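S.K.: Per TrEMBL, the feature GTP binding site maps to 40-46, 68-70, 335, 361-363, 443-446. According to TrEMBL, the feature active site, proton acceptor maps to 41. The IMP binding site annotation in TrEMBL covers 41, 42, 43, 44, 66, 67, 68, 69, 161, 175, 254, 269, 333. The Mg(2+) binding site annotation in TrEMBL covers 41, 68. Feature annotation from TrEMBL assigns substrate binding site to 41, 329, 330, 331, 332, 333, 334, 335. Annotation comment: TrEMBL describes 69 as active site, proton donor. If you look up TrEMBL, you'll see 172 marked as active site.
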């Protein structure tokens, strides 16, 4: 019986497995994420710049050119809105992920402007995801029209940067948006969809005028300039994570309290600027998220309107505003200032799970006689255990403060922990202990050298 003899032959001489056993713990490179822990403008750019000196890849995952990061290198000040701050490092690659919305005229204008200041070869180091959505000029006009409409109807506006970010994310969510891959595909098809999108907005805003042909002509030129930079972002990130050992950095824009889900809605931005945005905005698994660093000022600021419990509309607020040069990089608006609020820092930590915190602009507090820190919110004299979602409730909270004596000495020259006055050290330790997150850096000035590394 042939069947039986074959059966015994196979059983006695089973085929040899030649495949190698797969490693069980090969999860790939970990990604370090830097996020704002307040309402933005915390100095994320400085922390990213510090880490980017060693990074192989620096990524943006959400937002658009509504972000504003200033980085000072060798006395030169660079302003970034859409480009990752890591673009300064000539040895690293910068990537704009699928979660970012891109205004092409803004991108190239920013690159060219910084090139004049000495940023060479930035376009050779930039990679753009083909899945990123495009911000058109009319999105920016609509942004302004919406603000005017809100002001007229409700007497208040959101205080957007009018960079077209919200309307672009709206187009994305209503599935009428156009992406980088569409622009680089069949231009005839792209043009038809572009014109439909214009019509859609004109039906909502009758005063909107758009020269579609002129816009398309410009977009066609931008497409050719952009083409060499475009990659499939998902595959690119996968290769970066699973290839040779690399240091990968993700630069968050905006901040926790401006997050579309967790921020002080509706006075928020239109993307997720908490840690989840790094996964969805780049196409990377949570397993590959390593350290998450939160950035906070040693006090609190906010641009535009919305609740701000620890705000000081008095001499203290003015002092912080002038000493801290608190003017928005993107909008040129004066920032509102107040005491450090540990309720919002704890809340940001709950969402993001910070490994450590960078505390910036400590030197601004050098001249104060006493320094207060918000430690809890009360309603009708009773502490509330959480950060309220409802804005009316948030407007009514009474802040419970802890008061510290000021150190009344110049910290700007401090380069290590022991250089800081004991009262400043106490202030820092109190913050650490209260939120339960170690402070890894303390910033006492504008340049790289002014970041004291603690561990």
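Including glycine, each Cβ sits where the backbone N, Cα and C put it.
Note: TrEMBL annotation is automatic and uncurated.
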S.K.: Provide, as an integer number of angstrom, the distance between the C-alpha atoms of residue 70 (GTP binding site) and the residue listed as 'active site, proton acceptor'.
M.R.: 10
S.K.: Please work out the number of neighbouring Cβ atoms within 10 Å of the Cβ of residue 329 (substrate binding site), leaving out its own Cβ.
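M.R.: A count of 16.
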S.K.: As a test of the contact definition, list every same-chain residue at least 6 positions from residue 43 (GTP binding site) whose Cβ is closer than 8 Å to its Cβ.
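M.R.: Within the chain, residue 43 (GTP binding site) has Cβ neighbours under 8 Å at 295, 297, 358, 360, 361, 443.
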S.K.: Cβ distance under 8 Å to residue 254 (IMP binding site), same chain, sequence separation 6 or more: which residues?
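M.R.: Looking at Cβ-Cβ distances below 8 Å from residue 254 (IMP binding site), excluding near sequence neighbours, one finds 36, 40, 62, 63, 66, 67, 269, 271, 273.
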S.K.: From the Cα of the residue listed as 'active site, proton donor' across to the Cα of residue 41 (active site, proton acceptor), what is the distance in angstrom?
M.R.: 8
S.K.: In whole Å, how far is residue 172 (active site) from residue 332 (substrate binding site) when you measure between their Cα atoms?
M.R.: 28
S.K.: By CA-CA distance, flag whichever of 46, 161, 172, 362, 444 among the recorded positions is nearest to residue 334 (substrate binding site).
M.R.: 161
S.K.: Residue 68 (IMP binding site) has how many other Cβ neighbours within 10 Å of its own Cβ?
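M.R.: I get 20 for this one.
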S.K.: Between residue 362 (GTP binding site) and residue 335 (substrate binding site), what C-alpha distance do you get in Å?
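M.R.: Distance (Cα to Cα, whole Å): 17 Å.
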S.K.: Determine the Cβ neighbour count for residue 161 (IMP binding site): the number of other Cβ atoms within 10 Å of its Cβ.
M.R.: 22
